[in-house]
Each structure stands twice: as C-alpha cells, then as structure tokens.
Amino acid sequence: EKVVPHKSSDQAGKSSACQGCPNQNICASGAAKAPDPAIEEIRQKLTSVKHKILVLSGKGGVGKSTFSAHLSHALASDDSKEIALLDVDICGPSIPKIMGLEGEQVHQSGSGWSPVYVEDNLAVMSIGFLLSSPDDAVIWRGPKKNGMIKQFLRDVDWGEVDYLIVDTPPGTSDEHLSIVQYLSGAGIDGAVIITTPQEVSLQDVRKEIRFCKKVKIPVIGVIENMSGFVCPKCKNTSQIFPPTTGGAQRMCEELNLPLLGRVPLDPRIGRSCDEGRSFLTEVPDSPAAVAYQNIVQSNKNLVFCSLHFNKQSTI
C-alpha cells in the first residue's frame, strides 16, 4: 500500500506515491513547506477575538449545532459579552435555521464581510447565507471547502468579540484540519466534545478526542446530549439511548476528561430549532434548559473565563 507523504515531509513530491499528482513538482521543490500566508493574516484579523472554542464530535446527529447555538444564546444572555457563532459545516449548514436567520444575506463592507446579528451582541456567519436556497447542495471537494473556511476567518469583520464559537461537521477531516491550521497563529482555546450516551456514538467520539490530542487542541470537556428523556407531564426519566458501556461518564473517567454536563432529550428543543427560536427563552424552566444554564454557569469561572489555563496542556 502506497502512503502519500505530507507536503512538509522530506519525501514530498519524491515518493512513488506522488507520481501523477499535478502538484508533484511544487512539493518536490520545497515550496509547499512554506507556511500559508493566510495564517498570519487570520492571526491579525482575530486579535480582537478573546476566546475561540470549537464544538466537535466524531459522530453526526449528536446535536453539535443545537449545542453551539444554545451555548451562544446562553453566553449572549450576559449583555456585557460579545458573542460570535461561526458555522463551518460547509455541506450541511443548519445554524441559519436554528438561529432564525434563514433568508438573511451577508453584506460587504470596507472592512470585510459583515456577519448577521441575532441580537445586538450575538453575530453569526454561515455558508447558508451565501446560498440562493436552503435546499441548494454544496458539492465541493476539499480544497474549495478549505478556501471557504479561510475566507470566513480572514474576511469576516467580527469586531470586538469575547467568545467565538465554531460549529463543525462530524469527523476528523478537511474542515477540522483547515480550522486547526488556519487558527494555529491566532490560537484555539479549546474544544467542547459532544456525544450521546450509547456506545455507537462514544466509539466515534473517542476518535475525535484522539484527533484533538494529535493536533494539540485542549479538550475543555464533554457534554452528554440526549441523556435520557424527561416526560414533560409526569417528569419521569426514560433512557432512550441506554449508556450500555457507561456513557460519557465512564469515557471521561477513562480519558481523564471533565464531564461538563448532561442535557436530556426534550421534543420542544427540536420545535424551537425548527422555528428559529432560543429554547432557553421559550421553555426556561424545562430540565434541558436548566441543564444548559447549569453547564454554562458552573463552568464559566472554571473553564470559559480561564481558558488560558488550558492552553498549557492538551489532554
């Protein structure tokens, strides 16, 4: 089996696996080893952004976008904070729908693209704002997706921001590598990992945690989403997705990671997302809304306001 060497390798462009690649001569010349100038441009652009947090999961459908949106809403409930939400799920952008921003468009100004605002202190950017219809398919290969992410980071005029929340697609491939590469100069404060209780989810989430370790992203902690169903009428809890191998609690113990909290299933979350409303304000006394608020409040001093501590270590 032929293994294509990385462009920074001494074998780049010289290995037999490189034969036929249109970039072979560029890699062989060593030009590809030079750092992308966009990294420094992005570092300068994001000097006004205090904290950059990724929301990750190796598994799809575990609620990353829902969590990203409601984390942003919860942080923005403090009027003294400026919050930005960036959606880098290029092929499946759901943030415009969840945030009630479908049909909004991005405007160009002298200082770059202007994000779309949900509240005076909550700005959003997504490729969904660039599509003519929410049903349009984005059929792009890796390089074009990478270019779009670079443009979001380099050309959006975020202004002064306390927290930039980055919602990502599932997996450990193009979009994730791009966001890590382009933010390498500006720095990533850490990642919040989202999982559901069952082993079929945890199996992929462990891969995401190992990805973070390899690329040296500190893991802030883990959220167990869809953690039981609390009946709105009788208040009894049922395990829709049984934690057959101990759930996120066991995984966090094994990997020495903090479990930031558990968010139960609530059909009203789905309804709020479909209607583009914040679940936290629609049903503030529900167990799921309380769980979201507890996660932010109990970890704000420990994690979100002390992220510089996490920069000193990965996991």
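Here, residue 1 is simply the first one shown, and the rest follow in order.
Cβ atoms are placed via backbone N, Cα and C, with glycine included.
The shown structure was predicted, so the numbers you read here are calculated from the model rather than taken from an experiment.
What TrEMBL records for G58, K59, G60, G61, V62, G63, K64, S65 is ATP binding site. Cβ contacts within 10 Å of G61 (ATP binding site), excluding its own Cβ and spanning all protein chains shown: 11.
As annotated by TrEMBL, [4Fe-4S] cluster binding site applies to C231, C234. Here C234 ([4Fe-4S] cluster binding site) comes close to no residue that lies at least six apart in sequence on the same chain with a C-beta under 8 angstroms from its C-beta.
Same-chain residues with CB within 8 A of the center of the G58, K59, G60, G61, V62, G63, K64, S65 CB atoms, the ATP site residues themselves not counted, are S57, P170, I194, T196, S201. Taking each Cβ in turn and tallying the other Cβ atoms within 10 Å, the top scorer among the binding-site residues K59, K64 is K64.
It is V62 that, of the binding-site residues V62, C231, has its Cβ surrounded by the most other Cβ atoms within 10 Å. In this structure, the binding-site residues G58, G60, G63 were compared by how many other Cβ atoms lie within 10 Å of their Cβ, and the smallest count belongs to G60.
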